[in-house]
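Report on one structure; see the data block that follows.
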Amino acid sequence: MIYNRLKLIVDLDLTAFHFVFRWKLNGTAITPKSGSHYSLSGGNLRISHLNKDQDAGTYQCLASNSFGTIVSREASLTFAYLGNFKTHRRNSVSVREGQGVVLLCGPPSHSGDLTFSWIFNEYPSFVKQDTRRFISQETGNLYIAKVEPSDVGNYTCVVTNTVTKTRVQGPPTPLVLRSDGIMGEYEPKIEVQFPEIVHVAKGLTVKLECFALGNPVPSINWSRVDGIPFSRKVDVRKASGVLEIPYFQQEDAGTYECVAENSRGKNTVKGKLSFYAPPHLIEKPEDVQKPIDDSLVWECKATGKPKPSYRWMKNGENLESLEGLSLSLSLSISRLTLSDIGMYQCVAGNKHGEVYSNAELRVIAVAPDFSQNQLRSPTMVKEGGDVLIECRPKMSPWGVISWRKGSEALRESHRVSILDNGNLRIQNSTRPDAGLYTCVARNQFGVASSSGTLMVKEPTIITTAPSTLDVTVGESIVLPCQVTHDPSLKLVFTWFFNEQLIHFGNHGGYFEKVGGQHSAGDIMIRNIQLRHAGKYTCAVQTKVDSISIAADLVVRGPPGPPTSIHVEEISDTTASLSWRPGPDNHSPITTYTIQARTPFSLGWQAVTTVPEVVGGHSLTATVIDLSPWVEYEFRVLASNAIGTGEPSKPSKQARTKETSPKVTPANVSGGGGSRSELVITWEPVPEELQNGGGFGYVVAFRPSGATGWMQAAVPSSEASKYVFKNESIQPFSPFQVKVGVYNNEGEGPFGPVITIYSAEEEPGRAPTRIRAKSLSASEIEVSWKALPWNTSKRRVLGYEVSQKREKEEAASVQRTVGNQTSAIIRGVRGSNTYYVTVRAYNTAGAGPPSVTVNVTTKKPPPSQPPVKVMWNTLNSKIILNWEQVKALENESEVTGYKVLYKRNRHSRPSVMETNTTTVELSLPMNEEYFIQIKPFGEGGEGSSSRQITIPRIPGPNAIGSATKVSTLSALSTIALSFTARTSL
C-alpha cells in the first residue's frame, strides 16, 4: 500500500540558531530540489507521493551551523500492508466427537501487526473463546480442545491489519464429524505454547499464550517457577489461555510455567521472560568554553540492558583515538587547540537502540582584557590587617602577571607577595602601604593593566571590658558596648543571645537599644526573666574589620519546681514524702511547702507537716492530719530569698488507710409518713469523712420515757432515711432518736439524741359555713369556719380549696397555711358557674370535704380599649380626652377609667381613677411621660389603650412661648395620633 505523504520531524537538542539541515536515507544524502517529492519545512523532511520501494529505509538528520554539525538518532520508515488470501478451496477437516482439532489460518503476506478472529458459518456469527475454544493472536489458528456436535460447520479466518485498519477473509474450512465412533478420554496435549526465551523491553506489555487439546477439556494454570506470586497488575485469563503482564519491569523477568490438566493427566510448558532496556543517558556532556592549551574531559554514562557501548562523534563524523585524544565512557583532550572547536556527540547504544547527547566545545584565544574585571577601588584594610587585591583579567592562554605601586615595579617581601593566580597579598598592613596599585597582564596576544587605590584605616577597638553580670528576676539592666574607631568609617552594632541574633522590637519588648552615642551600642533588658540568663555578644562591624565582646548574664530568681515526688509510706492520717530539688536559680533554697489535693477539695490546699517548717536542705517530710481512706495527690514548692517558685508535678495518687468512722450524720430529723410509721431522716456523711469501705448507718430509737433502744442497720453510705412501721405506734407519738455510723473497720459514735414524732392521722372533720362570692370576672373569694386548733392526734396545718366547672373532671386546688379562714381564687373565667369545696389537711393528708357551694362569676370587663385619645397642654397642665367605651352584651358595664402614667419605661406607674372621659394632670415640667388608659367595671379592668408619649413641657424660663403654644392648642384643640408603645 502506498501513502501519499509523510513528514519526518527532527528531534535534536539544538543549542544555537541558524542551523542548516540535511537528511540521509540508508547513508546516502537526500537532495531536495524542485520537482522532487522530498522537501524541507524548517528542519523537518516532508515526503510526498510515498513509494514503498524507493522510500522505505533508515533516515537520519544532520544539523550544521558555524560551530559544527550534529546528527539525529536514526528513524526507520516501513510500509504496512495486508495482501489477500489465496482463493483456492480448502479441504474439509474430519474429526471424531470428543477429539481435539486445529484449524489453520495461514495469513497472507503483510507488514504491520495483525489481529485474528473466526466466523462460524456466516457473518456476523463469530467464534467466542472459552475454555474449549482458543484463537492464537500469534498464528491466527483456531484450536478446539474437544469437538462437540454443535461445532460442525464452516469456519472462516478474518485477518485485520492494526495499522491500515484493512480486513481480509480467508476461504471457509468445513468441519465435519466422522461416523466411526466417539473419541475416548486422553491426557492434555499442549498445542499453543510460548518460546523458550522471550525478550521484553522495559515498560511494554507482554502476552503469553498456552492452550491444550484433551478430553475432558483441560484447565490452564499459570505460575512462576521461582514460586514468587504474581503481582496485582498481572492479568491471568484462564478462559482464553493468555497471561498478560503490563508495564514490564526487571522484577517481572523469570521463568513462567503453563500447566494443562484434566482427569487423564497433565502436561507443562516453560519459557523464560528476559528483561531488556534500550539505553538511557544518566550523565551527559555539557557545552563548555575553554582557553587554548587547556585540557578537556567529558563524561558520558547510560543505563540499559545489555550494557551499552559508546562512541563519540565530532561534527557528524565518528572520532577515533589519536595522540592527545582518548575515547571510552569519557572523551579526553589533553591540550586544546583551535582545531578542536566543534559540535560533539556521545552515542550510547545496545542492540535495542541508541541515544544521542550533544555538546559544543569552544576554544578561546584572546589578549588580556580588564573590561569586565577592573581592580576594585578603593580597597580598604585596617592597620595591622591582611588584604588581598584581586587581579582577574580575561586572557587565553594564561600569561604573566606583574604589579606596580605608583610608577615603580612592586618588589615582593615577607609581607608582600604575588600569588600564582596573580592576586596581590599584603600582610600586617601599615600606613605607608596605602597608595595606587596597578596589575599588568601579558600573553602572546598582547598586554593590559588595571589600577586601584589601597586605603589603610585605624582599627576598631572595644573599650568595654568583658564581664559577668548578676541580676534578679524583674529587674532591668544595661549591657554596655563602647568602641574607638576610624572616624571615617560607619559602625554597625549587632547583638546575639546564646549565639542567636536579637531582633529588637520582638522578644516581647524586653530588649531595647539605648546607646545614644555614635561609638556606643548599649542595650537594656527590661523586666528580666529567668530565660534571659546566658551569653550576650556585641558584634561591631565596619567596612574593614569586625570584632566582638561577650558578657555572661546570671539571673537570680525563685527556685524551679522540685522533681521526682514520691509517697514513700502512707497510713490512715499520715504520708511520708520524698523529692529531689529543682534548680535554685542562683539563690539557695530556704524552705519547702507541701500541698495536697483530693477529689473533694477545692484545688490545692496547704497541709500540716512534720517538721512544721521544712528547711531547704530537707528532701523528705511527713504530712499529718489527713483524712482516712481518701485518695491524695501531693506537690512540693520551693522558696528562696527571692520568692516561691512553680510547683512540682503532682505525685501519683495514693489512698490513706481505712479506720473506723468518727463523724456522725448532721441534721437528723423526721416525722410525717403514713399511719403507724416513724420516719427518721438525716444528711449522709460525705465520702471523704467515711474513713473506709462498707460504710453504713445505725439508727437507734425508743418511745419517750422508755429505757431500752431499738436499733436498725442501714448498709448504704448514700442512705438518708429510715422508716420504722409498727401497728402499735400511736399517731403523733414522741420518740427519742439517734443515728450512728460504721464501716469495715468497726463502729463509730452515735450522734446526739433528738425527739421525733410518729406519723399523724389526717383531720377527721370538714370545715363548715362555706361561703363563695364573685369579686370580678376572674376572682372568687371563698370563706369558711375553721376547725378547732389544738395539738391532738389530728392537727390542722391548713386548708385546701378546690374549684371546678360543672363538666370539668379535675378540680384546681390551692392551699392555705395555718388558721386562715378565707382565700381568693384567681384566674377563673367570667360568666361561668364554679363548684367549691374546702377541707383541712396535715402531714398525713387531707380530711373529708365540706359541702359544695356554687358561685357564678361576673361578666368579663370591656374588651375594647379607649380610642381617639387626644391631649393638649395649658399652663403646665395636660388635658386628656378619649371616646366613651361601650361594653358588649356579654361584658360588664363600664363604671370608670384608670389613667396610668410614669416618667420612664421601667418605673412603676401612678394611677388616677375617673368616671368621665376626660382628665386633667398637673405634672412636673421638663419630664417625658408615658400614659395608658384602662376602662373598668364590676368584671375587673378592661383592655388598655395604646401607650402614648407626652414630650417634655418647657420650664419656667420658656413659659412665655409655652403659654402661647398652649393657648393656640387650647383654642384650636389639635388632636395628635401616637404610635403603639410597650404596654405599661
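These residue numbers are counts, starting from 1, taken along the chain as shown.
Cβ atoms are placed via backbone N, Cα and C, with glycine included.
Feature annotation from TrEMBL assigns domain 'Ig-like' to 21-78 (among others). DSSP states for the domain 'Ig-like' (21-78), grouped as helix (H, G, I), strand (E, B) and coil, give 4 helix, 33 strand, 21 coil.
The domain 'Ig-like' annotation in TrEMBL covers 83-169 (among others). For the domain 'Ig-like' (83-169), the number of residues in each DSSP class (helix H, G, I; strand E, B; coil) is 3 helix, 36 strand, 48 coil.
Annotated domain 'Ig-like' per TrEMBL: 188-274 (among others), in sequence order.
The domain 'Ig-like' annotation in TrEMBL covers 279-362 (among others).
Look at the domain 'Ig-like' (368-455): DSSP puts its residues at 3 helix, 45 strand, 40 coil. The domain 'Ig-like' annotation in TrEMBL covers 368-455 (among others).
Per-residue confidence over the domain 'Ig-like' (459-548) averages 88 (mean pLDDT, predicted model). Taken from TrEMBL, the feature domain 'Ig-like' applies to 459-548 (among others).
Per TrEMBL, domain 'Fibronectin type-III' is recorded for 561-659 (among others). The residues of the domain 'Fibronectin type-III' (561-659), classed with DSSP into helix (H, G, I), strand (E, B) and coil, number 0 helix, 48 strand, 51 coil.
The domain 'Fibronectin type-III' annotation in TrEMBL covers 664-761 (among others).
The annotation domain 'Fibronectin type-III' is assigned in TrEMBL to 766-860 (among others).
Under the heading domain 'Fibronectin type-III', TrEMBL lists 861-956 (among others).
Taken from TrEMBL, the feature region 'Disordered' applies to 643-675.
Long-range Cβ contacts of the region 'Disordered' (643-675) within its own chain (Cβ-Cβ under 8 Å, at least 6 residues beyond either end) map to 473, 557-563, 565-567, 570-573, 575, 577, 579, 582, 585, 593, 595, 597, 604, 626-637, 681-685, 689-693, 695, 697, 723, 725, 731, 737-752, 754, 756-759, 761, 843-844.
Looking at which of 188-274, 279-362, 459-548 has the most CB pairs under 8 Å to the domain 'Ig-like' (21-78), the answer is the stretch 279-362.
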